[in-house]
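Here is the structure we will look at.
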Amino acid sequence: MPVTMSRAFLDNFLGNSPKWFKIAIISFLVINPIVFYFNPFVAGWLLVVEFIFTLAMALKCYPLQPGGLLAIEAVAIGMTSPSQVLHEIEANLEVVLLLVFMVAGIYFMKQLLLFVFTKMITKVRSKIYVSLLFCISSAFLSAFLDALTVIAVIITVAVGFYSIYHKVASGKTFGESHDHTSDGYPQLCEEELESFRGFLRNLLMHAGVGTALGGVCTMVGEPQNLIIAAQANWQFAEFAIRMSPVTVPVFFAGITTCFLVEKFKVFGYGQQLPDAVHKILSDYDAHEDANRTKHDKVKLLIQAVIGVWLIAGLALHLASVGLIGLSVIILATAFNGITNEHALGKAFEEALPFTALLAVFFAIVAVIIDQQLFAPVIQWALSYEGNTQLVIFYIANGLLSMVSDNVFVGTVYINEVKSALLNGQITRDQFDLLAVAINTGTNLPSVATPNGQAAFLFLLTSAIAPLIRLSYGRMVWMALPYTIVLSIVGVLAIQLGALEQMTQYFYDSQMLIHHSAQAAADGVVSSH
């Protein structure tokens, strides 16, 4: 039967995506202008829900195409303007540079990372200890690096482990070329492969949550932390001290949760590393040690020195994250002899599709701003006072961060609270407490879904996700125990008065000083 033009069009539209998904996207594109004509506010929330749907279906179709079509239509029908979209991208330029340069920079440090984490996996046989190591090390790194950078590190390590095992299990030697994305090798043991996938899923989720545990603690841990610190005129040490009444108990609760889910093997955790896989990784480690030349050792040393620069540069905020990432690329390639353009290009393959997706997301953010979708929630939260207001802001931030980008949510709320301060609705001390509630509210409950945490979304849409069968639903399920524990411990630290009491203690012991409203007015308004 000959293929008609209409059939060919439908076949080409969104490629190999399921037919029902194609029909759903077309339906959205037809419905949205009609709803917008009658009620722009409802149409705005409908668009947000539809975009979240495209993210949820990331393994059926990469969200850039369906989400991008929705965003283009939103601009075309007047839900927002091209200038507003450009403004959002400009305001978040540091995040864009982070994705373009920092993630690529980590690519050139993967030899060192694979060396360190391979030792960790091969030398520590207890799954519980390995899980705790991954969670704690991710938290530590995230206190100095952006969570996206840390998750890029862990993804690099996981892909390295997976490709090594897949190559050897397929009957090849370490040095041979191999396509680890194909399972069409008869030598592969399906049960063994599934167990290894489960093991890697566990480690990636523990590491992902670790980035949230560490990222909330310091002003460089997450992009929105920088925004909040700038608005409040806080420096690195003051930010960490002010957050500590909430972040310290939450950190220990998170580590305890990591131990418990592994111990009792619930929520998809407790997957063991098969002995055969451990032997392959151990053999690879021994093979690498035996064949490591002086040139290789110098490369590892150079990468270690660059790693020190990376942490120091970010901790001291010597330059923007993206520019430090660019310096990592230049230093790592120059001193390790990588001068071929094709070799350089490979480093950017992982991050650029996600960077384009993030730009589409900023278009959705522009709609949220222009249609004032969060305005009712903000006014409701400001109607409360005192400690109750802190709890309400924490919960309101948490709920919105579960479905929307936490950088955007944090930016919107801190700007609204700052306006309330400058208008005399709240005191400066209350503003400082609210800033803590906003920061912890955007960072902690947002681990619930990949929509809130950019690092989680990056993981979901990365090359490793389909290899280890990490879907949106599975991610939400595995994050659930962490979501419950972190959210509850965080809200209790505020509700029971620990935040107010400890902050007062810090004032009394002169670890903190009282700021004036004018100091906040002098803060730099930013949204990156």
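Backbone N, Cα and C define each Cβ position, glycine as well.
Annotated by Swiss-Prot as transmembrane segment, the relevant range among 20-39, 40-59 is 20-39. Among 66-86, 139-159, 349-369, 390-410, 139-159 has the largest number of CB pairs under 8 A with the transmembrane segment (304-324). With a cut-off of 8 Å on Cβ pairs spaced 6 or more residues apart, the transmembrane segment (349-369) and the transmembrane segment (448-468) reach 3 or more such pairs and are scored as touching.
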